């Protein structure tokens, strides 16, 4: 069968992603073991690999429980983060490729939220796993990097094909939508999407994944280079990274 990607809610607002072909599975991030194990058991899947996008506890704490169930589990993560990730079987960096169930997985360095954060792009599946870099209608808080670093990282993701599905790491979309409307209150696509997000969350439905096309049309953190966004926050003529930094600062205080 072709691969399927299953979104697994974990903890209070995290997501993990099980990529499988009906028998074998690869996991992106390990926030919590039990919900992931429930998905694997229900589908009769053998978990062979887990890819860790970055070192934060809410993305790795489930690993020990998964290893108890799958003792030969192999761990993939950024070489640059190896000193603070669980022990890696494969360290990767920007531009590296590796195999996920017969598909080429490409590594993108998306440092900013943390230094060493990676995203995983599956071109043939039209999917990218962004964790806490690009999020639905938002982006991760810049904890370790700089705004310039994060803006560069988001630019790498924005350059992927518009039909790419974005699998991000948290259910923050409702708050993100409300903030985005403070930046672009007249953006018709954003207003439509915000209403859809409100309905989805009222019905306890996930808003992840999203499409890159809709992120480029509605996510203020991908739109900091646009004249209409610069005008809206009185920064016409400012450098793109400066505009991004101002939007991120406003979101931090929102």
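In case you wondered, yes, glycine gets a Cβ from its N, Cα and C as well.
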Of the candidates 83, 113, the one that TrEMBL places in the Zn(2+) 1 site of 54, 56, 132: 113
Co-listed Zn(2+) 2-binding residue [TrEMBL; alongside 58, 59, 132] among 49, 121, 170: 170
Densest Cβ neighbourhood among 56, 59 (binding-site residues), 10 Å radius: 59
Those binding-site residues listed as 58, 132, and which of them has the most Cβ atoms within 10 Å of its own Cβ: 132
Local backbone state of residue 58 (Zn(2+) 2 binding site), from DSSP in three classes: helix
Check: same-chain CB within 8 A of Zn(2+) 2 site center, minus 58, 59, 132, 170: 14, 29, 31, 54, 56, 131, 140, 169
